[in-house]
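> Take this structure, written in C-alpha cells, and hold onto it; I'll ask about it next.
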Amino acid sequence: MGIKGSKPKLSKEDLEFLKKNTNFTEEQIKEWYKGFVQDCPKGHLTKEQFIKVYKDFFPSGSAEGFCEHVFRTFDTDNSGFIDFKEFLLAINVTSSGTPEQKLEWAFRMYDIDGNGTIDEKEMIKIIEAIYEMLGPEVTKSADDSPRKRAKMIFEKMDVNNDKELTLKEFVDGCLADKELFQILTNEVKK
C-alpha cells in the first residue's frame with residue numbers, strides 16, 4: 001500500500017539488471033526513469049499512450065498499424081503494458097545495440113505470430129504498416145508495393161526456399177545487404 005499519488009520507485013534489482021544488460025550508466029538509467037515516470041505516473045506505458053507518442057513523430061501518416069507491431073515487440077512479457085525495464089531494454093537495442101542485436105529485435109517484430117520464423121504474409125503486413133506510417137510523401141509506385149518488396153526480400157534471404165525466414169537467414173541476409181539492413185531496421189545512414 002503506497003501513499004496515494006506516490007510514484008513508483010526503481011527497484012535496486014531492476015537498476016542492477018539494467019546496468020548489466022544495457023549500455024547506460026546508473027545515472028543515465030535514473031534520468032531515463034525520472035522521465036518515464038513523469039510521462040507514465042502509473043509506472044507503465046499503455047498501447048494508447050504509445051500510439052499517441054508515435055503519432056507525434058509521424059503526423060502525416062497513420063502510425064497505428066506499425067505501433068501495434070512495435071508495442072508487441074517492446075512488451076516482452078505480453079502484459080499489455082510496457083514497463084520501464086522493457087522500455088529501456090528496447091531503447092538500448094534500437095539506439096546503441098550491435099547490428100546483430102538490432103536485427104534480432106527487428107526479427108521479433110516481423111515474426112508476428114511468434115513462431116520463430118517470418119513468412120511472406122507477415123513481411124507484407126509490416127511493410128504495409130511502415131508505408132501507412134510514413135504517409136503520402138512516400139511514393140508507393142507499383143514497382144515498390146508491399147507485396148513486391150516482400151517478394152524481393154524473400155528472393156534475397158530465403159536461402160533454402162521454404163517460404164519462411166529463420167533468424168539466421170534474416171540476420172545473414174541483412175548483414176550481406178546494407179540497403180536491406182537499413183530498410184528492415186529503419187537504420188538511417190549517419
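Residue positions begin at 1 at the first shown residue.
Any Cβ shown, glycine's included, is placed from N, Cα and C.
These figures come from a predicted structure and were not determined experimentally.
Relevant sequence annotations retrieved from Swiss-Prot are reproduced here:
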{"type": "BINDING", "residues": "Asp75, Asp77, Ser79, Glu86", "note": "Ca(2+) 1 binding site"}
{"type": "BINDING", "residues": "Asp111, Asp113, Asn115, Thr117, Glu122", "note": "Ca(2+) 2 binding site"}
{"type": "BINDING", "residues": "Asp158, Asn160, Asp162, Glu164, Glu169", "note": "Ca(2+) 3 binding site"}
{"type": "DOMAIN", "residues": "24-59", "note": "domain 'EF-hand 1'"}
{"type": "DOMAIN", "residues": "62-97", "note": "domain 'EF-hand 2'"}
{"type": "DOMAIN", "residues": "98-133", "note": "domain 'EF-hand 3'"}
{"type": "DOMAIN", "residues": "145-180", "note": "domain 'EF-hand 4'"}
> Roughly how many angstrom lie between the C-alpha atoms of Thr117 (Ca(2+) 2 binding site) and Glu164 (Ca(2+) 3 binding site)?
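Approximately 6 Å lies between the Cα of Thr117 (Ca(2+) 2 binding site) and that of Glu164 (Ca(2+) 3 binding site).
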> Just to verify: the residue among Asp75, Asp111, Asp113, Glu122, Asp158 with the fewest other Cβ atoms within 10 Å, which of the binding-site residues is it?
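Minimum Cβ neighbour count within 10 Å, taken over the binding-site residues Asp75, Asp111, Asp113, Glu122, Asp158, occurs at Asp113.
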> Given the binding-site residues Ser79, Thr117, which one is most crowded in terms of C-beta atoms within 10 angstroms?
Thr117
> Taking the centroid of the Cβ atoms of Asp75, Asp77, Ser79, Glu86 as the Ca(2+) 1 site, which other residues of that chain lie with their Cβ within 8 Å of it, listed in sequence order?
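Sorted by sequence, the hits are Phe74, Thr76, Asn78, Gly80, Phe81, Ile82, Asp83.
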> Taking the Cβ of Asp77 (Ca(2+) 1 binding site) as centre, how many other Cβ atoms lie within 10 Å?
10
> Which residue among the binding-site residues Glu86, Asp162 has the fewest other Cβ atoms within 10 Å of its Cβ, if you could check?
Asp162
> Calculate the distance in Å between the alpha carbons (Cα) of Asp113 (Ca(2+) 2 binding site) and Glu164 (Ca(2+) 3 binding site), and round it to a whole number.
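With distance taken Cα to Cα, Glu164 (Ca(2+) 3 binding site) is 13 Å from Asp113 (Ca(2+) 2 binding site).
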> Write down the Cα-Cα distance for Glu164 (Ca(2+) 3 binding site) and Asp111 (Ca(2+) 2 binding site), rounded and given in Å.
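With distance taken Cα to Cα, Glu164 (Ca(2+) 3 binding site) is 10 Å from Asp111 (Ca(2+) 2 binding site).
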> Find the one among the binding-site residues Asp75, Asp77, Ser79, Glu86, Glu122 whose C-alpha lies closest to that of Glu164 (Ca(2+) 3 binding site).
Glu122
> Closest to Asp77 (Ca(2+) 1 binding site): which of the binding-site residues Asn115, Glu122, Asp158, Glu169, going by Cα position?
Asn115
> Once Asp158, Asn160, Asp162, Glu164, Glu169 are set aside, which residues in the chain still have Cβ within 8 Å of the Cβ centroid of the Ca(2+) 3 site?
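So the additional residues around the site are Thr117, Met157, Val159, Asn161, Lys163, Leu165, Thr166.
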> Whole-number Å only: compute the distance from the Cα of Asp162 (Ca(2+) 3 binding site) to the Cα of Ser79 (Ca(2+) 1 binding site).
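Spelling it out, the Cα of Asp162 (Ca(2+) 3 binding site) and the Cα of Ser79 (Ca(2+) 1 binding site) are 33 Å apart.
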> Counting only other Cβ atoms and using a 10 Å cut-off, which of the binding-site residues Glu164, Glu169 scores lowest?
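Glu164, out of the binding-site residues Glu164, Glu169, has the fewest neighbouring Cβ atoms within 10 Å.
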